[in-house]
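K.L.:
Quick paste from TrEMBL:
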type    : residues           : note
DOMAIN  : 6-105              : domain 'FAD-binding FR-type'
BINDING : 80, 81             : FAD binding site
BINDING : 226, 231, 234, 246 : [2Fe-2S] cluster binding site
């Protein structure tokens with residue numbers, strides 16, 4: 001793989017891991033050299049021909065392998081993800097990426113990674129990349145029992161993590177924010193988070209006066225079309241004006257986002 005930026009790529013499905021009816025992981029291998037993604041960056045993925053559905057779907061890799069293959073965690077929520085779920089080994093898909101700006105290099109302090117639902121993907125990728133470089137802790141939150149096979153999978157076997165579930169059926173009852181309430185956070189900790197918008201909004205209240213503002217970063221999820229900032233379809237309000245999630249993000253300082261306007 002090379003470090004040359006975003007490209008349109010053909011790829012082949014190597015494997016698909018079905019965790020439940022609506023949750024799976026797909027492993028794809030680009031057919032040519034492409035840039036090495038960093039935690040926080042994402043790809044647009046499309047497994048169908050034509051323009052119905054019109055838009056490719058954005059996914060952050062959950063893992064990147066030495067042979068260049070990429071793993072994406074997918075939850076079926078509509079027609080596009082349902083079609084991707086029907087992909088079989090050997091099928092061809094289309095990728096655009098890696099897109100967006102990644103998380104910054106860790107500061108060297110403890111790195112606290114918070115992931116909710118499919119927002120777990122970039123957090124697990126970041127944990128595996130940086131856990132041998134800085135002290136790191138991964139805290140994930142899942143809705144309930146349909147995530148049990150994922151949480152028991154090999155993906156999660158070597159991680160120093162805490163698991164919370166909304167219904168208490170997996171790990172501890174609660175969300176990643178429960179960890180902050182029960183375990184606390186150090187003033188020098190660096191905090192990265194990705195998950196549902198409600199979780200990210202609440203994160204600010206959990207961290208206020210506990211950690212420096214310049215040490216908290218969030219990766220935002222959004223529907224998008226081009227993935228490179230040209231269409232302005234994923235604009236969000238920030239303290240610096242409107243910003244594009246796909247090109248100016250998806251990683252932003254938490255203090256930069258105008259949360260009340262989202």
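The backbone N, Cα and C atoms fix where each Cβ goes, and this holds for glycine too.
Just so you know, TrEMBL annotations are computer predictions that nobody has curated.
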K.L.:
I need the CA-to-CA distance for residue 81 (FAD binding site) versus residue 226 ([2Fe-2S] cluster binding site), whole Å please.
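P.N.:
It is 18 Å, counting Cα to Cα.
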K.L.:
Here are some binding-site residues: 226, 231, 234, 246. Which one has the most Cβ atoms within 10 Å of its Cβ?
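P.N.:
That would be 246, with the most Cβ atoms nearby.
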K.L.:
For the recorded [2Fe-2S] cluster site formed by 226, 231, 234, 246, which further same-chain residues have Cβ atoms within 8 Å of the site's Cβ center?
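P.N.:
Surrounding the site, in chain order, are 224, 225, 227, 228, 229, 230, 232, 233, 244, 245, 247.
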K.L.:
What does DSSP assign residue 80 (FAD binding site), in three states?
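P.N.:
Going by the DSSP assignment, residue 80 (FAD binding site) falls within a helical segment, counted as helix.
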K.L.:
Return the average pLDDT for the domain 'FAD-binding FR-type' (6-105) as a whole number.
P.N.:
94
K.L.:
Return the count of C-beta atoms lying within 10 angstroms of the C-beta of residue 80 (FAD binding site), excluding that atom itself.
P.N.:
20
